[in-house]
Amino acid sequence: MNTTKILYYLSIAIGLLIVIAIFYGFWQALQTNPKDPWSIFPISQFFMSAHSIVFAIGAIVWILGTIVFLLEIAGYTITSKGLAKNRMGIGDWSVIDIALVALSAAVYGGLLAATAPITIVPGFTWLRPANSLAPLFGMFFGIPGAVGVAIGNLLADILSGYFGVGSIGGFIGNFLIAYIPYKFVRDHSFSNASSIGEFYIWGVIVQAFVSALYICWWLDIMQNVVGLPLFVIWAIIATSILINNITVNAVLSPILGVILFPIVKSRGLYWKDRVQPQASTLSK
C-alpha cells in the first residue's frame with residue numbers, strides 16, 4: 001500500500017473518529033449538565049471563548065465565499081493559473097442545467113422541510129439527513145447543483161416558517177456546502193480510497209467549518225435584526241451546523257454517492273461529461 005492510499009484511509013478514519021468523539025462529547029455534556037449542556041460542550045466553549053478570533057476568521061470566510069459565489073454564477077472560477085471561464089455560469093446554462101437546478105432545489109428543499117430536525121438528544125441536538133445530498137449535488141451536477149442546493153435551503157426556510165434575514169447567510173452557506181467538494185475533490189465516484197479520502201477532507205471537515213462560520217458570522221453581524229444573543233449564535237447554532245454537517249456527510253454521503261454516481265453518469269448528467277474546461281482568462 002502506497003503513502004497516498006495510507007493518507008486517504010487515515011483521513012477516513014479521522015473523520016469517523018471525529019463523529020464518534022462528537023457523540024461521546026454530547027453524552028458527557030448531557031450527563032454533567034442536563035439543563036444547559038451547551039455551556040460545557042467543548043465545541044461550544046471554543047466558539048465562545050475564542051469569539052473575537054472566530055469572528056475575524058468568519059469575516060474572511062464570508063467575504064471570500066461571497067466573491068466565489070458571485071464569480072461562479074457569473075461564469076468564472078479561480079484556478080492556479082488565474083481566473084478562468086467555468087462554462088457553468090447562469091449565462092451558459094442549457095435546458096438540462098436549468099432542470100438540474102430545479103431538481104436539486106426541489107429534492108433538497110423538500111427533504112429538508114420534511115425531515116428537519118430529527119432529534120438525536122432531546123433538547124440538545126438534531127440531525128438533518130437531507131444535508132447528505134448537498135455535497136453530492138455539487139459534485140455530480142456542478143454549479144447548477146450548488147445553486148439548486150442554495151435555492152432548496154431557501155425553500156425549506158419558507159416552508160418551515162424560518163424565512164428571514166438569516167436566510168441570506170443560509171443561501172450562500174449552503175451553496176458552499178455543495179461547492180467545496182465539487183471544486184476540490186478530484187474523483188467524484190466514491191469508488192476508491194482516493195475519492196472517499198478527498199471527500200472526507202473537503203466534503204466533510206472543510207465544508208462543515210466553512211458553512212458554520214459563513215452562516216453564523218452573518219447572524220452575528222445582523223444580531224440586532226435577528227434578535228439572537230451571541231451564545232445562541234455561536235454556542236448553539238454554529239455548533240449544531242458543524243456537528244450536523246460532519247456527522248451526516250461522513251456517514252450518509254459516501255453511501256449515497258456510491259449508489260447515485262453510476263446512475264447520474266449513465267444518464268449523461270455528470271458535469272464533467274457535459275462541460276469542457278477553458279484556459280485562464282488572465283493569461284491571455
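Using the three backbone atoms N, Cα and C, a Cβ is placed for every residue, glycine included.
TrEMBL labels come from automatic prediction, so no person has curated them.
Counting same-chain residues at least six beyond the ends of the transmembrane segment (7-27), those with a Cβ under 8 angstroms from any Cβ of the stretch are 37, 41-43, 120-121, 124-125, 193-194, 196-198, 200-201, 204-205, 243, 246-247, 250-251. According to TrEMBL, the transmembrane segment annotation covers 7-27 (among others).
The transmembrane segment annotation in TrEMBL covers 47-74 (among others). Outside the transmembrane segment (47-74), and at least 6 residues removed from its termini, the chain residues within Cβ reach (under 8 Å) are 83, 86, 88-91, 143, 146-147, 172-173, 175-176, 179, 210, 213-214, 216-218, 220, 230-231, 234-235, 238-239.
According to TrEMBL, the feature transmembrane segment maps to 95-121 (among others).
Same-chain residues lying 6+ beyond the ends of the transmembrane segment (133-155) with a Cβ under 8 Å from its Cβ atoms: 72-73, 86, 88-89, 93, 97-98, 100-113, 163, 167, 170-175, 177-182, 185, 188, 199, 203, 207, 249, 253, 256-257, 260-261, 264, 269-271, 275. Taken from TrEMBL, the feature transmembrane segment applies to 133-155 (among others).
The feature transmembrane segment is assigned by TrEMBL to 162-180 (among others).
The feature transmembrane segment is assigned by TrEMBL to 200-218 (among others).
The feature transmembrane segment is assigned by TrEMBL to 225-242 (among others). Proximity of distant same-chain residues to the transmembrane segment (225-242), defined by a Cβ-Cβ separation under 8 Å and at least 6 residues beyond the stretch ends, is recorded for 38-39, 41, 43-45, 47-48, 51, 54, 125-126, 164-166, 208-209, 211-213, 215-216, 219.
Same-chain neighbours of the transmembrane segment (248-264): 15-16, 18-19, 127-129, 131-136, 139-141, 188-191, 196, 199-200, 203-204, 207-208, 270, counting only residues six or more beyond its ends whose CB sits under 8 Å from a CB of the stretch. The transmembrane segment annotation in TrEMBL covers 248-264 (among others).
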